[in-house]
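Taken verbatim from TrEMBL:
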type	residues	note
DOMAIN	68-119	domain 'NADH-Ubiquinone oxidoreductase (complex I) chain 5 N-terminal'
DOMAIN	137-419	domain 'NADH:quinone oxidoreductase/Mrp antiporter transmembrane'
TRANSMEM	6-23	transmembrane segment
TRANSMEM	35-53	transmembrane segment
TRANSMEM	118-135	transmembrane segment
TRANSMEM	141-160	transmembrane segment
TRANSMEM	181-199	transmembrane segment
TRANSMEM	250-272	transmembrane segment
TRANSMEM	278-299	transmembrane segment
TRANSMEM	306-332	transmembrane segment
TRANSMEM	383-405	transmembrane segment
TRANSMEM	425-449	transmembrane segment
TRANSMEM	538-558	transmembrane segment
TRANSMEM	662-681	transmembrane segment
Amino acid sequence: MIQTALIIWLLPLAAFVINIFIGKRLPRKGDWVSTGAIGVSFLLSYYMLFQILGNYNPDFALQASVPWIDLGETFKLNMGIYLDNLAVIMTVVVTTVSFLVHVYSIGYMHGEPLYNRFYAYLSLFSFSMLGLIMWDNLFGIYIMWELVGICSYLLIGYYFEKDSAANAGKKAFITNRVGDFGFLIGLLIVFTALGTFNLSDIHQGVSQGQLSGGLLTAAGVLLFAGAIGKSAQFPLHVWLPDAMEGPTPVSALIHAATMVAAGVYLMARLSFMLSLDAMLVVAYVGGFTAIFAATIAITQNDIKRVLAYSTISQLGYMIMAMGVGSYTAGFFHLTTHAMFKAGLFLGSGSVIHAVHHAMDKTGSHGDPNDIRNMGGFKDKMPVTYITFVIFSLALSGIPFFSGFLSKDAILGGTLAFAMSQSNPIHYLLPVFGFGAAFITAFYMFRLIIKTFLGQPQKPELYEHVHESPKVMTVPLMVLAALSIWFIYTLPSVNPMGAAGGWFMHLIRQPISAVAAQLGHPVYIITEHAEHAAHVNGIIISIILAFGGILLAFAFYFWKKVDVEALTEKIKPLYNLSLNKYYFDEIYQATVINGLLAWNNLLKWFDENIIDFIVNFSAKVVRVFSAFDGKFDNLVIDGMVNAVADMTLQFGRGFKKLQTGQIQYYIMGALLGTFLIIIFTLI
């Protein structure tokens, strides 16, 4: 299976290399190379899935590694693959969504400039995410983590000639750098304390208490900072809605199976080392994000931005689940959400594609993403409509759809956690979860009503709207099938719970290294609380989901409420939601303008202080150099020349004593003798 995993991982890399260098010279600009490569990876990933289903062992794990970096006794690092049920299922999720996005893009991106580069970037994106899933150590995961970030920058900014797209790419990249800096610091804390990046060794080291106390909590929270960035959690959520500037297939890939899933997957992989305090931080960040983003989605009019804030909210659910110890529920929701959210984005792309075509036909100008330009599309786009409704029912948590099973598992786990804690403040978490569930159902059916039902808002566009080609609708139908409940409950077909299904059997809560260190569970949830929470959670979530749908129909379809009048009454709240709580403006006024002011201060300091010191120093050195030159010429050279002149004169004087005449020599000898006698007598 290790060899199979390697092939799955490396095929997209090969496709990237081919397309980036010679793709534009290949037939159809090489789209078949990337699609074929990920298609083979897709088939092989299901081969691995059927193997683990055949084993049906929740403790399945394989690991293989080779030496990579060896600096002697100071540092050694192996490069390896770690496969367990979590990694295999995540591989299936990534390859499934990625393959369908590749196929869909053949129709959606046809005729776009730099077509081969688009497919090259998709392949690199898939390679990066698969590597992040399979690597057996944090160092390798960090490399793939950063590569995922680079790919998102390239794909979000694909239409780089548009300032908005270029800025969105930079915003995503820079915002993620903030979280990634925390990830890096956490990584270094782990390595400093344990001397290893290997996940198995980290588990052992934490179990033995080599990393404990406040340092363990700090490491966990800092590693979570990386997930906050990648999974767009509050307060680093601001990049994700702007990512809609990229092509719609990119939105599906980023929001379903790759970049945003990376943060949740990281927390799932590292959940064994989260202390109680770190888990509470994770839970509250996720819970608050879930309801916070949902309240923004209510008022958005861009079809993709509604789905973007929906993604942020659903990721909050997954993160909250990890924080309250519902590891299996969180990963289950990641899996189901990937399918129906990819379908929602591809469905929105189908609608946008149709509206854009209609605008070209009529010569109209406007935003093809704006749901105020739509309405009544169900008759014109039946496949897109039916699949979109299926995806929305799954997202809303309606029974008989996959989202109900996974969301109910999270809500039940969160409620059980709150019921088992002595501090009633923790009931905020299920309140966040149930509140977001109600709002989700409301805004999704608001979206459906405004897009597909009712009267056309723009009759001239409506006449030219038509269904998308099969290359775009077939992926929608496949994803719709993967959003039905029994796919995840077999061999059971119970629509009210997944406890008897293959997924819940294979994905088990990992053994907590922190619990082993403490000698007792991090969280203690009683069996009674768990059962009561599950039953109550199902009842409450169903009531809220149907309530949200009915309220949406009352507002926007049956017109029982004058929405415009209500909007005027609550204008401040409406504007707060419509403008995303002004977070972009707040960050602009504080962080960005603050940094710009700081940069201007540094520029002034550089020009007026540093440059002054440098220039003054240069002048001082120049004056000293001139003085030194004169001193050298007049004093040093003068002394040297004087000594030379004296020597010359002495030489000339003594020269006269050497005349060669004997009488002068006799006179000199007598004079010398006379002087010696005098000195002796004295």
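Each residue, glycine too, has its Cβ placed from N, Cα and C.
A quick note: this is a predicted structure, and the numbers were derived from the prediction, not measured.
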Long-range neighbours of the transmembrane segment (250-272), counting only residues six or more past its ends (CB under 8 A) | 86, 90, 93-94, 96-98, 101, 104, 122, 125-126, 128-129, 132-133, 141, 145, 148-149, 151-152, 155-156, 158, 199, 203, 206, 220, 223-224, 226-233, 240, 243-244, 282, 304, 307-308, 311, 315, 318-319, 322, 327, 330-331, 334, 337-339, 341-342, 345-346, 349, 510-514
Averaged over the domain 'NADH-Ubiquinone oxidoreductase (complex I) chain 5 N-terminal' (68-119), what pLDDT does the prediction give?
-> 89
What counts of helix, strand and coil residues does DSSP assign across the domain 'NADH-Ubiquinone oxidoreductase (complex I) chain 5 N-terminal' (68-119)?
-> 29 helix, 12 strand, 11 coil
Counting only pairs 6 or more apart in sequence, are there at least 3 Cβ pairs under 8 Å between the transmembrane segment (383-405) and the transmembrane segment (278-299)?
-> no
Determine which residues of the chain contact the transmembrane segment (118-135) at the Cβ level, with the cut-off under 8 Å and only residues 6 or more beyond its ends counted.
-> 5, 8-10, 12-13, 15-16, 19-20, 23, 29-31, 33-35, 37-38, 41, 79-83, 87, 90-91, 94-95, 98, 101-102, 105, 109, 112, 141, 143-145, 147-148, 151-152, 154-155, 158, 247, 249-250, 253, 257-259, 261-262, 265
